[in-house]
Amino acid sequence: MVKFFQPKIDPLPTGIDLTGKTAVITGASAGMGLEVTKQLLRLRLSTAILAVRNVTKGEACIKSLLQDRGIQTHNPKPTIKVMELDMDRYDSVQQFAKTLREEVPVVDLLILNAGVASLNFERSPSGHERVTQVNYCSNVLLVAELLPHLEAGAEQTGSPARISWVGSRSHETPSFEKKAPIEADEGVLEHMDKEEAFVPFQRYNDTKLLCVLFLYSLAPRLDPKKVVINTMCPGMVNTGMSNMLPLHLRLIFNVIKAIRARPVEVGGWIILNAALVAGPESHGKFLADKTITDKSAIVTSPMGQDIQKKLWEETITEMSKLTTLPPQFR
């Protein structure tokens, strides 16, 4: 049961210095992505790669970041690059990854923040339902495309690269339980792509469950001395995610946000705790706020385990048609 009032979160510990480090932040032009980028630069991050769908908007973000007093004080001459990444399209993911591998020798940190929520059923160019494509499929492809590059960088630096994937406790309440169960003879992605299986207010939850299930399958296949991967839920944060709601619902939700939601700064602390502070013990784990938690009941249930197994097999089959997969994806 989610408590209405969220617990107090302490700031990041002092003394974090990211001089010489490079971070890639997806969905970096607004909301949590922009806030995380700002906080990283205040921590003296040398190079920030803003992976954004709208390059013009991303370029405007550079100007605002360079005008931030905290960045001017602690990190007056960072390198900030904008690169196009449209998570709605596989070809954009692959072009982004190719350019990154060619132009950025070492990536120390990859923050998978880009995501969408929608109450409308739409299809991406791949044929997948759009929320599934953006939140799940494209993130998996991006990790597959960049994993060897992250590992190579870790060998150069002597420190593991980090992948921190922004998740949500909402994965605990998917539509699969009651409203739109996956049939025994039905594929997971096949189910997600059926319009009749689209439950508007739970589709975001569904995709976040797919993300955490994939992470639980992938993490044991990775060497945490080379790459540490984790996921976290920053709780309800005061961002523009509710803008997709109809006006009458948005008004209600905005009242709840005004009472309950955390400032974006606090959400940034939670994401960067997973990315920078949590140690190797966080590898393959879900952090609720800053706390490493056990797998949720839905994940460990027979239904969850069946979905996890099928999802891994289906995802690997699809990804193998798009790219040469690293050994850990086989």
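Each residue, glycine too, has its Cβ placed from N, Cα and C.
Values in this document were obtained by computation on a predicted structure and should not be read as measured data.
Features as listed in Swiss-Prot:
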type	residues	note
ACT_SITE	Y204	active site, proton donor
ACT_SITE	K208	active site, lowers pKa of active site Tyr
BINDING	K57, D86, N113, Y204, K208	NADP(+) binding site
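Features recorded in Swiss-Prot, as mapped to the structure shown.
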residue	record	contacts (Cβ under 8 Å, 6+ apart)
K57	NADP(+) binding site	S29, A30
D86	NADP(+) binding site	R53, S92, V93
N113	NADP(+) binding site	I25, T26, G27, A28, M32, G33, V36, V166, I271
Y204	active site, proton donor	A117, V131, N135, S168, S170
K208	active site, lowers pKa of active site Tyr	N135, G167, S168, S170, H171
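Maximum intra-site Cα distance, NADP(+) binding residues K57, D86, N113, Y204, K208: 26 Å.
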